[in-house]
Amino acid sequence: MRYAMVIDTLKCVGCSDCVVACQTENDVPIGYCRDWITETVNGAYPNIELELKSERCNHCENAPCVRCCPTGASHQLDNGIVLVTGDECIGCGACIESCPYDARFQHPDGYVDKCTFCHHRLEKGQLPACVSVCPTKCMYFGDLDNPNSEVSELLKNRKYKTLAPEAGTKPQVYYLI
Amino acid sequence: MQEELFTSGRNLPHIDPSLEIWHWPISLYLFLGGLAAGLLFFAGLITVLGKEKDYPAAVKYASIISPIALTLGLLALFYDLTHKFYFWRLYTTIRIESPMSWGAWVLLIITPISFLWVFSYYSEIFPKWQLKYENLNKFEKFLKGNRKNMAYALIPLSIILGVYTGILLSAFNARPLWNNAILGPLFLVSGLSTGAATIILLAKTQKEKHLFGKIDLALIVLELGLIVHMLMGMYAGSEVQLEAMQLLVGGEFTMMFFGFVIILGLIAPAILEFLELRGFKIPVAVPAILVLIGGMVLRFVMVEAGQITRYLY
């Protein structure tokens, strides 16, 4: 079992529905977000290219946040999801410093918080909140260990990229390009 | 040309637009931890060599500073935690891969030893104030008898403490300025150098001042060499490291780094100490204080500048 997310940048319109769905589902405090949209413009007028994508914790296979955590609060499940146990977190900030994606933040209550791939919904057989609300259906979620899953098929047939692969983290959120 | 924007209004506190998770308490702690490591290392070394009588400042007077520095440093660390009352979670596990876990355990051992060390010299430092409780006097005698054992423990522990203050930062590959293997040895040497400078400040005899002047001079030369290595390594590095380098060389931290750390904190005291050893009349307090200020500014520059550097994607 290896959960991964695949996001089609050609279908994303940058509506931020995934951001709002996450904030609602996970009671993310006002002013914070676990996922966000980036808009990248490449080139110079008139030859410009726009890329929209939804970003979040990459649930890296080689997660530096898990390595740097002094208490073991940041940990990785067998299915690849990286989680933080609030009651074990001391709020030292080491994991925030270690994340090349700046995907973690200090919750107003003190502990460190971030995207969980909606672990609590997966247990009930539901999709992550962001994936389930996407109006253009540009987000896909599934098991990469299963060669016949939707995400495996997409990565077999489409060109894709990951974010800052040179950081050596083996990110598990893939962007179709 | 590439331009990237966050359009969902991402403005995470202390993270956007650039990381400000670690503030002055961390820089202060890295300085105080290095200073304590230096002081305890020299106290241990002089004791193991059996030269306590010749160098009383190193083993006795300067070691009053180390428990104070460690206590202040630990308070600063505690102050910087955002989930403070779970701090004991550090001591429910040992995480070999996390430098911070190593550091927490070493601090748990070395801080009490630094207190016991000073207590073993209580009646020599404060000859007028006799302890009123017989048991405390007995305990002091017991510690006095075990000074050598404490010294043997202090040498490796203080080296680990000194190296850890640098390794703590270099373990973060997401911050290209920190992510170089020289930072551990650099912070250790800088810590030893600030320790030697403190001993020079407190030393009363010319002999002790001169010995630690020579040690400090050697450490400063070594530190300059390590800084050159660090800069060379980054010049030969990847794009993110080159960008990180820009902050120190020709960027917003150039004045602080070259002015305060390299020139005022290393080169100037090295010249002054050298001239002093050659017989010129220079108050040794001047280079010693410059070394201490340089050591402190080095920690502040590295912590602040490191957090600006990142992988852009």
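Any Cβ shown, glycine's included, is placed from N, Cα and C.
TrEMBL entries are annotated by machine, without manual review.
Keep in mind that what you see is a predicted model, and the values were worked out from it rather than measured.
Here is what TrEMBL records for this protein:
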- B:26-49: transmembrane segment (TRANSMEM)
- B:61-82: transmembrane segment (TRANSMEM)
- B:102-122: transmembrane segment (TRANSMEM)
- B:151-172: transmembrane segment (TRANSMEM)
- B:178-203: transmembrane segment (TRANSMEM)
- B:215-235: transmembrane segment (TRANSMEM)
- B:255-275: transmembrane segment (TRANSMEM)
- B:282-302: transmembrane segment (TRANSMEM)
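Take the transmembrane segment (B:282-302) and the stretches B:102-122, B:151-172, B:178-203, B:215-235: counting Cβ pairs under 8 Å, B:178-203 has the most. Listed as Cβ neighbours of the transmembrane segment (B:61-82) (distance under 8 Å, sequence separation of 6 or more from its ends, same chain) are residues 22-23, 25-26, 28-29, 32-33, 35-36, 39-40, 42-43, 107, 110-111, 114-115, 117-118, 121, 125, 195, 198-199, 202. Counting only same-chain residues 6+ beyond the ends of the transmembrane segment (B:151-172), those with a CB under 8 A from a CB of the stretch are 30, 33-34, 36-38, 40-41, 43-45, 47-48, 98-100, 102-103, 106-107, 109-110, 113, 117, 178-181, 183-188, 191-192, 302-303, 306.
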